[in-house]
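Q: One structure follows; several queries about it will come next.
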Amino acid sequence: MALLGIKLMTLVFAAWLSCCHSSSALPSSGLSGPCLNHSCLLRNSLNGASQWGTILHSPAVGSNCPPCPMMSIMGCSPPKPLQSNSYGVLCSTIASKAKQDLKLCWKEVQTRSEMYSKRISAALIDSLHQAVGMLLMIIIWIWSSIFLVVYHVLAYMTTYHLSSAVCVGFLIFCTICAFRLISWICGDLLAFNVSGLTPIWVNFSESSCPAGLSLRRYKNEKTVEGYKPFIIPQKSPKKSVIELSFSNGSHLGYATCVRLWDGSICLMTAKHCLVKEALLKGRVAGHSLPVKNFDLFLTCDEIDFSLLRGPKQWEAYLGVKGADLITSNRIGRSPVTFYNLSKDGEWLANSAQITGRHGKLCSVLSNTSPGDSGTPYYSGKNVVGIHKGTSELENYNLMIPIPNIPGLTSPDFKFETTNVRGNLYNDEGFRLSVGEDDKAEHWTDRLMKSITFKTKRWADWAEEESESDDERGKVVPPAKPSNYGEGCPPEHNQYLSDVGDLLTKVIGPEQNEKCVDILMGIMGVDKNEVAPHKEEKAEKGNEAVVSATVKTVKEPTTQCDEDIISEIVKRVVDKMNLKAIEKSVVEILAEKAMTKAPRGKRKNSKDTSRPSTPGSYIIPAKRTPDSGPVEKSLNSTGRAKEESPSGARTLPGNIPAWVR
């Protein structure tokens, strides 16, 4: 019930508002006083609802409805028909209704367009996802197909043509290694002297295509993309760069004053810069000279090179000097410099870089502008080439190298020497008489006796030093030769020497005495009959044989052949104890490694400094020329003490009063 009451009150309030709105819209003469008719309220409320944007179609409610009975009761006058309203009221009503209808249509269009745009965007997103997925699948399929093809090709080659494939791979590897070896050996000369490495298609295009249709086309100038040079204001070496201009004074190009190896001074430039009535401007002297006064004596149309001879003293007239040349056979990859004029008429040095070979020209990284043709490229103070232009197909400029002409652009040295026509002395005529005192052995002995070594000779050093400093200066006399074998037959001495060498090589010098005892027992030599000399030593290499004098020795049999030697070696080896030898060697080495070699007594060296003198005065003879008297050091590293404290007034000194 409460909700129904609220709804009824809302309907009555809306009807009252509609009535008030309609009464204000109608003329005041026809609608005087409030109207409480139910049908009028309903009609007005419907009209008001249509004005607020709600279209209601009710056939029961019309403009010609009879007057409500409530109006007579409430004192309301019946509403007037629509025909009685003015055109303004009707037009405003129609305009308001059209406005509301347009708003409704616009809202409907917005709703529909938003719905359709959402559908279209969703469809586009779905199609994009599908396209990306298909693209990825295509890439995967192509990639996997390439791997499968490579796998099948390799499987086929290894199955049916393994040897041929290995040979081809080995040849490719050898070719790459040979090319790298040639590049490493030749270096930069490979780009100019190895003509066989020039691409074949370039030569074919030059020979088969006409001049206008050639694949190698050139322009005059172009900047290189990506190359950043540095530019500084600087004049050319020897002021050798000359400006070329037209007859009206406008800029044409550049030329170079060069000095040839025959001593002449010539003008060098690009051939396309030689224009009729061209002038040479001398920036130093301010003079001009026409190019027609020069004679063209060397030209090359293939590389656009020209060399001209001028009148006498033309370089002095223009104020230039000749620069030296570097020909094409000595050019390599290196930084170079070229010179041009700025807008203010000042010379500028521009950096460039020679990168390689372009046919018979050189490729250069440089930034040039129209009018830079003919300017020279310098390596230090020498000219290496002339600026030509650029290629339409490549991203670099071109430089004209200087042709190698011996005697003109390069030196032609001829080494001349006199021929030898005979000897002044021969061996017989120049041979001098040499006495006994003049032999080489005599002078060698005298020289060795006169030399006193402060240290030992290399052959006199032992493994351990046990000598004092006084003994080091002495010369060790050579060992006396042993007198072993004086009473033995020569066959026996040779036999013992051979056996000693063999035993020394097999068992080493550690078991020398035992081996000698065994050998004497085998040969039947009595040990008591041998008188060894302890002060004498055997020669180096025969340490297994003891130096001794044999008194009585049985003569050996003449059947000393290889069987006896092999039997001796076999018996000696059987009696050897290798483990004991190895153990003793290890012990000796360990003992030597842990012991320190003794040293001689140390002595103080003599004083090398000059004696100090007491007092502050030192005589000039004892003064050191590179140092002065030592000043007193400060107490700390802080600020030095001032003569007067800060802020104190200084004494006037000898300043006159009139100055103060």
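FYI, residue positions are counted from 1 along the chain as it appears here.
Yeah, the Cβs are placed from backbone N, Cα and C, and that goes for glycine too.
Got these off Swiss-Prot a minute ago, pasting:
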ACT_SITE  HIS272  active site, for protease activity
ACT_SITE  ASP304  active site, for protease activity
ACT_SITE  SER373  active site, for protease activity
DOMAIN    224-416  domain 'Peptidase S39'
REGION    463-490  region 'Disordered'
REGION    595-660  region 'Disordered'
SIGNAL    1-25  signal peptide
TRANSMEM  131-151  transmembrane segment
TRANSMEM  165-185  transmembrane segment
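Please situate the listed features within the shown structure.
A: In the three-state DSSP classification, HIS272 (active site, for protease activity) falls within a helix.
ASP304 (active site, for protease activity): 21 other CB atoms within 10 A of its CB, across all protein chains.
Its Cβ placed at the centre, SER373 (active site, for protease activity) has 23 other Cβ atoms within 10 Å.
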Q: Over the domain 'Peptidase S39' (224-416), work out the mean pLDDT and round it to an integer.
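A: Reported value for the domain 'Peptidase S39' (224-416) is a mean pLDDT of 88.
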Q: Just to be sure I understand the packing, how many Cβ atoms besides its own are within 10 Å of the Cβ of HIS272 (active site, for protease activity)?
A: 15
